[in-house]
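Per Swiss-Prot, signal peptide is recorded for 1-39, and the stated evidence type is sequence analysis. Among the features that Swiss-Prot reports, domain 'LRRNT' is placed at 40-74. According to Swiss-Prot, the repeat 'LRR 2' annotation covers 97-118. Per Swiss-Prot, repeat 'LRR 3' is recorded for 120-141. The repeat 'LRR 4' annotation in Swiss-Prot covers 144-165. According to Swiss-Prot, the repeat 'LRR 5' annotation covers 167-188. Look at Swiss-Prot and you will find 215-236 tagged as repeat 'LRR 7'. The repeat 'LRR 8' annotation in Swiss-Prot covers 239-260. Here Swiss-Prot flags 287-308 as repeat 'LRR 10'. Feature annotation from Swiss-Prot assigns repeat 'LRR 11' to 311-332. Taken from Swiss-Prot, the feature repeat 'LRR 12' applies to 335-356. The feature repeat 'LRR 13' is assigned by Swiss-Prot to 359-381. If you look up Swiss-Prot, you'll see 386-407 marked as repeat 'LRR 14'. The repeat 'LRR 15' annotation in Swiss-Prot covers 410-431. Per Swiss-Prot, the feature domain 'LRRCT' maps to 442-493. Under the heading disulfide bond, Swiss-Prot lists CYS518-CYS579, CYS622-CYS674, CYS716-CYS765. Annotated domain 'Ig-like C2-type 2' per Swiss-Prot: 601-690, in sequence order.
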Amino acid sequence: MAAAPRGIWEQRRLGCGLGPLARLLILAQALRLLPAARAGLCPAPCACRLPLLDCSRRKLPAPSWRALSGPLPSDISSLDLSHNRLSNWNNTLESQTLQEVKMNYNELTEIPYFGEPTPNITLLSLVHNLIPEINAEAFELYSALESLDLSSNIISEIKTSSFPRMSLKYLNLSNNRISTLEAGCFDNLSDSLLVVKLNRNRISMIPPKVFKLPHLQFLELKRNRIKIVEGLTFQGLDSLRSLKMQRNGISKLKDGAFFGLNNMEELELEHNNLTGVNKGWLYGLRMLQQLYMSQNAIEKISPDAWEFCQRLSELDLSYNQLTRLDESAFVGLSLLERLNLGDNRVTHIADGVFRFLSNLQTLDLRNNDISWAIEDASEAFSGLKSLTKLILQGNRIKSVTQKAFIGLESLEYLDLNNNAIMSIQENAFSQTHLKGLVLNTSSLLCDCHLKWLLQWLVDNNFHHSVNVSCAHPEWLAGQSILNVDLKDFVCDDFLKPQIRTHPESTIALRGVNVTLTCTAVSSSDSPMSTIWRKDSEILYDVDIENFVRYRQQDGEALEYTSVLRLFSVNFTDEGKYQCIVTNHFGSNYSQKAKLTVNEMPSFLKTPMDLTIRTGAMARLECAAEGHPTPQISWQKDGGTDFPAARERRMHVMPEDDVFFIANVKIEDMGIYSCMAQNIAGGLSANASLTVLETPSFIRPLEDKTVTRGETAVLQCIAGGSPAPRLNWTKDDGPLLVTERHFFAAANQLLIIVDAGLEDAGKYTCLMSNTLGTERGHIYLNVISSPNCDSSQSSIGHEDDGWTTVGIVIIVVVCCVVGTSLIWVIVIYHMRRKNEDYSITNTEELNLPADIPSYLSSQGTLSEPQEGYSNSEAGSHQQLMPPANGYTHRGTDGGAGTRVICSDCYDNANIYSRTREYCPYTYIAEEDVLDQALSSLMVQMPKETFLSHPPQDAANLESLIPSAEREPAAFPTNHERMTENLPFSQRSSEIFQRPLWNMNRELGLLPFSQQPVLESPELTERDPNCSSPVTCRRLHDHAFDFSRTRIIQDGTEGT
């Protein structure tokens, strides 16, 4: 039998002097070790503590370890050879159960080999040795290895060949000299690796996608030399849950630095040099729950920083350089439960900054400078309805107002330690449910306002946990408030400053000077000082004047006045201003005065005059600046009634400062005004929109059939912009104008009095403007009597000519004489009145570049000149300049050129003695054609006029029988009008009309029936005539002029 282990014999020897119970325990231990002793497998240098074979700290020479070469106890699964100064290992072990080997704190330079147990080993710890590299061959025999700890060696790099393919789960390479990580160095471990520790190395850069470890859950890179983390650095770590990068000196995290870490819950970045928090580097961290960033240099939190990590439950930003918490600092963190902002430099907390933290339970604001949040009753903590713990120690708080903790209904623990609190208003803690209060101050002002605190501390059982004593009045100085009698809390004076004059809110224009005044009084001689704040931030380098004087108010009082002067205010000066008056006994805060800086609007873009075709898109630009930003609105012709708006053709693009009118129509033409308005004032800019339209027929052209001797009225109602010029031709040739031909409404009506057979034929109405020309045909059929057959005329019409039909109507001699007299009166009146008829003045018309002018060979409009001008059809117009100090008015209301001889004399001799005055004007926007025609009829030489009863002015439609006024298809030529109806059939219908319908069509006006003879001076020399032939003038006559009133009004309207 093998000898028993030395330990067992020693226990037996020591047990001889022990009691029965001790000997029994020793015997049990000996029996437990007996199987191992019997097997002879526990070597002398080691201790068997099943399942551990502890051979650590023996410090034996190498030959002493040969005893381990034999079989090991069967129950041994762990072997510890740490702290033995082993430099190599050449011994092979015999064990089927060995799984863990520790050889820490030795001097090994290579990976040891243990012989038979090596393939079964799952844990190998070689901490603090001298291994310089990782050799894949050494690990090929460790087929079952799951945990490898090589920390504190001298490994300098990890190569792609460092590890063989193995099922390693835990790898610790911390505290080495690793500076290089080759791409793909961990690829052979990608199927199993869960934990990697690379702390305390010399890694300065992490190559992108170096960690292709889809199962890795924990990665530590603490205490390296990483300064910049590039985007996509950690891509491939799909399962990572925790990343620790403390103490690296990281100064920049680029956008997408942690992209791909979709399952990460914990990120530790303490003790680095980060200066801000923004959503760029937080992108992709949607499952993040804990973020630790203390001990950095963070100065700012971007408004949308937490957009991609809204599951945060704990955020540590302590020991940074935050000076302000803006309103949007914590937007999106509705699940946050713990927030640590301690040991920063916070002096400004925006109103409502915590309103998004509805689930916050712990808020640590220790060692900042936010005394005003408690003293100014700003309700800075509103919205924290779940907060249970609030730490405010070390914030220089001097007073606690009644509204300081409004909104903290769930607050249970409040720490106000290390604040020299002097006053606490009554009911300051009434909104809370405090169970713990930490308060330590010896600066209390024990006056009547503090009497309530004593009883409140006792009632809530806080008198044992607080240390509060009085500093004033002097006879109570140093006494605990718990020992002061209630009758000693009196108010004999007002030591703390009291604000008497608050600064007032002001609205000022940009560039003016603004003055804000604040006045406080105190009964103490303690010096007072004032600081001004803008939006809760202290103002430096501003112009402040302070005045102090004594005044009598319930005794002597010190009055302190502070004046803040702001010169040439700008928009950056807008905000809420407040003065804070402080003396030895505390501070008082004035009301906040709002300064608003306005600026009158000024145009950046003004609309330009625009000329455009119908159907196109009109685009008017208008933009203005001012403060506040002016509102842009549009008017048309001084009103807001837009035809385009009613028809949903108007579009306003606020972002582009553009006003669109789609599918422009004639009714859109006018003056458009861009109005820029804000509370400081308004201004407007005008632009003229001119709409160009090709000539068109407003009413369809209709053929005419009249009885010989009747009056024929041919209508050519034209539309277009600018208003088109009209010319008439007959049978594709010039129209020979006689004393029976009259033109009205700018040649839109051709009136033939006492129609004869020679007047029958094809009349062409040719209208043209700057955009084009349009023509239409009217066929006039003159029949000899209403009962005559018109078949012959039909045949002549088909040959494109007119055949004289009918017989000469014998007119009574008296009617002929009457007709002659009326004709003389008409000529006399027209010459005397010398009505102003003009062509539309196109001098100032702005045309698109693609429209050449028909008045000038150079493509531009020609200046109107004195003399004669030829139209496109070959007719003539005599253009007269202003004379006798009078200016002729055009259709647009401005000055225009007077037309003496119009196109009615096509191809005629313009110097002929038979040349007659022919009115020429354009129709205005109102349709005055009906009125103009009725007025003009009084000038027609027809003896039957004298016997017609007086009547009012008739409309133009009265000249046309009702059957002819029916709307018809718009005819462009005569062939279209007569395509389906033979001329013989139509002529037969026309011939049925009685001869006396002429009077019914004319609709005559009343006039004087006294005969008027032509004066001998009617014919005289006209100096403006270019021909030596005498020109005929019309002079005034003595009969009733009321008959011409309608046509005069119509002329002025054009």
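Even glycines carry a Cβ here, placed using N, Cα and C.
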With DSSP, how much of the repeat 'LRR 8' (239-260) is helix, how much strand and how much coil, in residues?
0 helix, 5 strand, 17 coil
Can you tell me the CA-to-CA distance separating CYS716 (disulfide bond) and CYS579 (disulfide bond), as a whole number of Å?
82
Cβ neighbours of CYS518 (disulfide bond) where a neighbour is any other Cβ within 10 Å:
26
Local confidence of the prediction over the domain 'LRRNT' (40-74), expressed as mean pLDDT:
79
CYS518 (disulfide bond) versus CYS622 (disulfide bond) - Cα distance in angstrom:
44
Residues of the same chain, at least six outside the repeat 'LRR 15' (410-431), with any C-beta under 8 angstroms of its C-beta?
366, 371, 385-402, 404, 437-441, 443-445, 449-450, 452-453, 456, 471, 496, 585-586
So how many of the residues in the domain 'Ig-like C2-type 2' (601-690) end up helix, strand or coil by DSSP?
7 helix, 52 strand, 31 coil
Outside the repeat 'LRR 13' (359-381), six or more residues from its ends: residues with CB under 8 Å to it:
318, 334-347, 349, 351, 353, 387-408, 415, 419, 533, 536, 578, 580, 587, 589
Residue numbers, six or more beyond the limits of the repeat 'LRR 12' (335-356), whose CB comes under 8 Å of its CB atoms:
294, 310-327, 329, 362-370, 373, 378-384, 391, 535-538
Please report, as numbers and ranges, the same-chain residues at least 6 past the borders of the repeat 'LRR 4' (144-165) whose CB is under 8 Å from any CB of it.
99, 119-137, 171-189, 192, 197
Within 10 Å of the Cβ of CYS765 (disulfide bond), how many other Cβ atoms can be counted across all chains shown?
23
What are the helix, strand and coil residue counts for the repeat 'LRR 3' (120-141) according to DSSP?
5 helix, 3 strand, 14 coil
Near the repeat 'LRR 2' (97-118), which residues from the same chain, at least 6 beyond its ends, have a CB less than 8 A from one of its CBs?
51, 56, 72, 74-89, 91, 124-132, 134-135, 138-139, 141-142, 144
How many helix, strand and coil residues does the domain 'LRRCT' (442-493) contain under DSSP?
21 helix, 11 strand, 20 coil
If one measures from the C-alpha of CYS674 (disulfide bond) to the C-alpha of CYS518 (disulfide bond), what distance in angstrom results, rounded to a whole number?
44
Give the helix, strand or coil assignment DSSP yields for CYS716 (disulfide bond).
coil
